[in-house]
């Protein structure tokens, strides 16, 4: 890995996974530069893609605050699309700190990844204390990163920033905290999910692991078939499909390359 000086130029791409926006680069700059770049481009995270000895590529994920994340569903789909197009692949494997993930690139409108974990650590919890109007009953689940799922009658009436920050730092989930998903059932097969993301410390337009968490919990709560299929809509208005098939769970949705050319600039001092 090369060293970086404060005035060194950089090259990267901008991607969006259903509204979840990222810088994708083939380098890892110093953490303060990651924060600067994310603020400059107003994105949710930084995706570093490097060669891998056990997969088609290796992915390291950083939140916009510079902290490293163990998983990002939408970011993973963006990387799957990038690697597939760069290498001319349809089936793609990506190495992460949580293991090697397998996916399939059909088109930019349809990028699928197998998100299956051996243990989702699903737990129903009654919170020790809540804010006025907030449900006491929530569901904890690990979809690569920890999430708390909260079912509400109308997500548009939820103060996502206030409630999200409260639950993200709630004493019941210390010391690491959680991402928070507010979920409304729209139809039998459709969920509306708004997510407060740890590491961004705000609501994002979409969160892949959050939509996955919401779908998995909903499948249990509403006693869906083992092989289920749900459509999940995020704040951005974009929809992903989450489905279970033969014991595996898949996340499928569109990816957008926001900037077709590489960007060139200078790192902040």
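Along the chain as shown, residues are numbered 1 onward.
Cβ atoms are placed via backbone N, Cα and C, with glycine included.
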From candidates 63, 156, Swiss-Prot puts in the same substrate site as 20, 73, 74, 179, 197, 198, 208, 209 the residue 63
Sequence-ordered list of residues in the chain of residue 207 (active site, proton acceptor) that lie 6 or more positions away and have a Cβ within less than 8 Å of its Cβ, or none, is 20, 73, 74, 179, 181, 193, 195, 197, 234
Out of the binding-site residues 20, 179, 209, the residue with the smallest number of other Cβ atoms within 10 Å is 179
Residue 198 (substrate binding site) -> DSSP, reduced to three states, gives coil
Listed in sequence order, the residues of the same chain lying six or more positions from residue 72 (active site, proton donor) whose CB sits under 8 Å from its CB are 20, 45, 47, 61, 144, 145, 208, 209
